Amino acid sequence: LAQLSVGFYASTCPSVFDTVRSATRSAINREARMGASLIRLFFHDCFCKCKFHPGCDGGILLVDTPDVPGEQSTLNNANSARGYEVIDNIKTQVDRACGGPVVSCADIWQLQRLGGPSYSIPVGRRDARAPSRAGTSDLPGFNEDLGRLLSKFSAKGFNAQEMVALSGAHTVGQARCAVYRQRIWNDTNIDPAYVESLRANCPRTADSVSDRVLAPLDPQSPNRFGNNYFQALINRRTVLRSDQAIFDGGSTDDIVRGYSNNPTTFSTDFANAMVKMGNLSPLTGTQGEIRRDCKRPN
């Protein structure tokens, strides 16, 4: 089995790193929220892995067909995962720079720079020829408690420290009222002043307008990558139950406090965990394919 390496495209497409990162920056400059959306797509692609199906294979990019329903329409992705068109645009630019389909859609995930710490990225993944709907049930849910979250990450080979570090990706991004309504109207482990401000735009009764109201996952700096997210947890100013679960009197509280006090440690641990995420059983060598169009198998 071929191995991933930082220099995999050194001879076939040496400009790929710069091309992807430039295109990603342009997309985020057009819409600040896109950085968080792309991180989420990356996570949902890599973490979605079942026994006979790899992770980080671009499976989430494949659109539904009448014969093969894809991952995009599953419960964890429908009406929430977004940014597919950005990946399509980057793929077009990369293929133009490389003189053809040399770089996989799966690797394009890995090469994006989304505002977090810099780190070397091993590449050489190949794309799946079919989606894996079954694997999306592995994804952590926004209402899950600490025990369930730890179990899901442990099943992928991540310890508690790595899980908390990866949760720090929520330093950017937003959630819809439909997702956090139950928390702000029923939970008690939330700052009273903060919850009142959220209730003003997210009423107890669901409706199609308020359901779409957005609130930042990190109210201090929703568009800047950093460790403020962990300070928000400590201050109980979070909109997702699954976020507050990692600082709620449980075994991960000290990890959260550590990252809150030390942004450098968080950045290092986040980078290492992201590389590990990208190495979850990728397709390499002659497995899979290099898609010409990220939305469809060749």
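Each residue, glycine too, has its Cβ placed from N, Cα and C.
Feature annotations, courtesy of TrEMBL:
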| type | residues | note |
| --- | --- | --- |
| DOMAIN | 3-298 | domain 'Plant heme peroxidase family profile' |
| DISULFID | Cys13-Cys98 | disulfide bond |
| SITE | Arg40 | site 'Transition state stabilizer' |
| ACT_SITE | His44 | active site, proton acceptor |
| BINDING | Asp45, Gly55, Asp57, Glu71 | Ca(2+) 1 binding site |
| DISULFID | Cys46-Cys56 | disulfide bond |
| DISULFID | Cys105-Cys294 | disulfide bond |
| BINDING | Pro140 | substrate binding site |
| BINDING | His170 | heme b binding site |
| BINDING | Thr171, Asp218 | Ca(2+) 2 binding site |
| DISULFID | Cys177-Cys202 | disulfide bond |
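Features as recorded by TrEMBL, highlighted on the structure.
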| residue | record | Cβ neighbours (10 Å) |
| --- | --- | --- |
| Cys13 | disulfide bond | 18 |
| Asp45 | Ca(2+) 1 binding site | 29 |
| Cys56 | disulfide bond | 26 |
| Asp57 | Ca(2+) 1 binding site | 31 |
| Cys98 | disulfide bond | 17 |
| Cys105 | disulfide bond | 30 |
| Pro140 | substrate binding site | 20 |
| His170 | heme b binding site | 25 |
| Cys177 | disulfide bond | 22 |
| Cys294 | disulfide bond | 22 |
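With respect to Cys56 (disulfide bond), the closest of these recorded positions in Cα terms is Cys294, chosen from Cys13, His170, Asp218, Cys294. Here the candidates are the recorded positions His44, Gly55, Glu71, Cys98, Cys294, and by Cα distance the one nearest Asp218 (Ca(2+) 2 binding site) turns out to be His44. Per-residue pLDDT, averaged across the domain 'Plant heme peroxidase family profile' (3-298), gives 88.
Comparing Asp45 (Ca(2+) 1 binding site) with Pro140 (substrate binding site), their Cα atoms are 13 Å apart once rounded. Long-range Cβ neighbours of Cys46 (disulfide bond) (same chain, at least 6 residues apart, Cβ-Cβ under 8 Å): Gly55, Cys56, Trp109, Met277, Gly278, Leu280.
Neighbour counts of Cβ atoms within 10 Å were compared across the binding-site residues Glu71, Asp218; the minimum falls on Glu71. Of all the binding-site residues given, namely Asp57, Pro140, Thr171, those whose Cα is no farther than the 10 Å limit from the Cα of Cys105 (disulfide bond) are Asp57.
Its Cβ placed at the centre, Thr171 (Ca(2+) 2 binding site) has 28 other Cβ atoms within 10 Å.
Among the recorded positions Arg40, His44, the residue whose Cβ has the fewest other Cβ atoms within 10 Å is Arg40. Using CA atoms as reference points, the binding-site residues Asp57, Pro140, His170, Thr171 were checked against Cys98 (disulfide bond), and the closest is Asp57. Sequence-distant contacts of Cys202 (disulfide bond), defined as residues of its own chain at least six apart whose C-beta falls under 8 angstroms from its C-beta, comprise Cys177, Tyr180, Arg181, Ile184, Ser210, Val213, Ala215. For the recorded positions Cys13, Arg40, His44, Pro140, Cys294, a Cα to Cα distance of within 10 angstroms from the residue listed as 'heme b binding site' holds for Arg40.
Here the candidates are the recorded positions His44, Asp57, Thr171. The one whose C-alpha lies nearest to that of the residue listed as 'substrate binding site' is His44.
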